[in-house]
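TrEMBL lists S81 with the feature active site, schiff-base intermediate with substrate. Sequence annotations record features per position, and here TrEMBL assigns active site, proton donor to C95. Annotation source TrEMBL lists active site, proton acceptor at S273, H287. The substrate binding site annotation in TrEMBL covers F23, E80, F267, E291. Summarising the annotation, TrEMBL assigns pyruvic acid (Ser) to S81.
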Amino acid sequence: MAESEDLSNSSSNSSSREDMHFFEGVEKLLEIWFEPNPANKNADLRKIPRPMWDALLKTVRCEIISFTRNDQIDAYVLSESSMFVSKRRWILKTCGTTTPLQCFEPLLRLAAEIAGYTEIEDLFYSRKNYKRPELQVSPHRGFDEEVAFLDSFFEDGRAYSLGAINRDCWHLYTLSRGGGGSKILKRNNHLHQLMEQHHSEQQHEAQLIEAAMQPDPDQTIEILMTDLDPNVMAIFTKDVCTTAKEATQKSGIHRLLPGMVIDDYLFDPCGYSMNGISKNGCYMTIHITPEREFSYVSFESNVASSDYGELIKRVIRTFQPGKFIVTVFANKTSIAANANREIEHLGTIDQWKRRDIQYSRFACYDLTYAQYCKYPS
């Protein structure tokens with residue numbers, strides 16, 4: 001997360017401390033998988049050079065702070081959260097009043113012109129409900145607006161809201177496909193021509209290999225935490241820790257998923273972000289807004305597990321939230337495919353009791369959503 005925003009201009013009618021000093025920790029998460037290109041075996045999103053990422057992120061209203069990479073994945077710590085780039089998967093997670101959907105069209109252009117991808121295989125846009133939605137800017141002022149924006153590109157998009165919409169809930173936009181890449185609507189003629197230029201010559205070859213292809217195992221777990229223990233949150237301030245490494249060690253973050261190469265950053269005067277990557281392409285990312293009035297922590301990873309219960313316990317014991325949401329996405333070939341059954345049996349975790357659970361099945365993925373509160377609550 002970035003430093004907290006001064007709202008003295010936008011909230012001139014209010015004199016409360018919270019109105020004068022607020023940061024929206026809740027992130028907007030956009031994940032895009034591009035379809036393998038039979039005509040270009042060397043297609044790779046990591047071909048996109050750093051200056052072009054810098055320019056793209058300006059449209060999102062954030063910038064790159066730090067960078068790590070290995071043979072499988074490039075990981076960027078941003079002024080507002082993180083970006084991950086692998087061969088054909090791109091993930092952007094941004095907090096505050098950033099506008100990640102604004103970079104969607106430039107990203108498609110870079111994917112077609114430089115990386116060598118002309119079809120989107122799958123897309124996921126998700127976020128928890130904002131604490132202060134009135135501070136967001138277009139096209140993120142509400143989930144309806146975000147859905148309308150994405151619908152202008154996709155004819156097969158579907159929008160969902162899980163949880164209690166008058167309390168904590170989680171929004172998702174994804175694609176409902178019958179197979180093959182998603183068709184981009186002709187919203188921008190030049191862009192559409194770029195994405196369709198080689199489509200006809202690729203289509204026959206793609207159909208031949210489609211039947212023989214099984215999707216690679218894929219899974220993502222997110223834990224979104226609010227109302228956190230002030231003593232834990234104090235670690236992520238410059239009053240308690242002088243460096244990010246000190247905060248990482250003192251909090252125990254380095255023990256959550258051992259073996260990750262950690263790239264961390266401690267903001268001034270408070271706030272913390274980290275990326276972790278492993279040699280097999282797995283990642284983890286944590287972002288912390290520590291202020292008591294609007295404390296928020298997010299944990300995300302694509303590490304594969306047939307039992308996420310122990311990981312969930314380690315995370316919530318580390319941060320001590322008052323409430324948290326867990327979401328698990330897993331496709332049919334993932335060892336996490338039965339996560340819904342596992343979480344169904346996690347009615348109580350230490351002091352936290354499950355208040356809500358929902359399960360959804362999509363074309364290629366299963367999704368489990370659960371919400372927990374510390375009791376008595």
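Easy rule for this one: first residue shown is 1, then count along the chain.
Glycine too: its Cβ is placed from the backbone N, Cα and C atoms.
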Cα nearest H287 (active site, proton acceptor) among recorded positions (E80, S81, C95, F267) -> S81
CA pair E80 (substrate binding site) / S273 (active site, proton acceptor), Å rounded to integer, equals 8
Near the residue listed as 'active site, schiff-base intermediate with substrate' (Cα-Cα within 10 Å), the binding-site residues in question, chosen from F23, F267, E291, are none
The largest Cα to Cα distance in Å among the residues F23, E80, F267, E291, listed in the record as binding substrate, is 16
If you measure between the CA atoms of E291 (substrate binding site) and S273 (active site, proton acceptor) and round to the nearest Å, you get 15
From F23, F267, S273 (recorded positions), the ones whose CA sits within 10 A of C95 (active site, proton donor) are F23
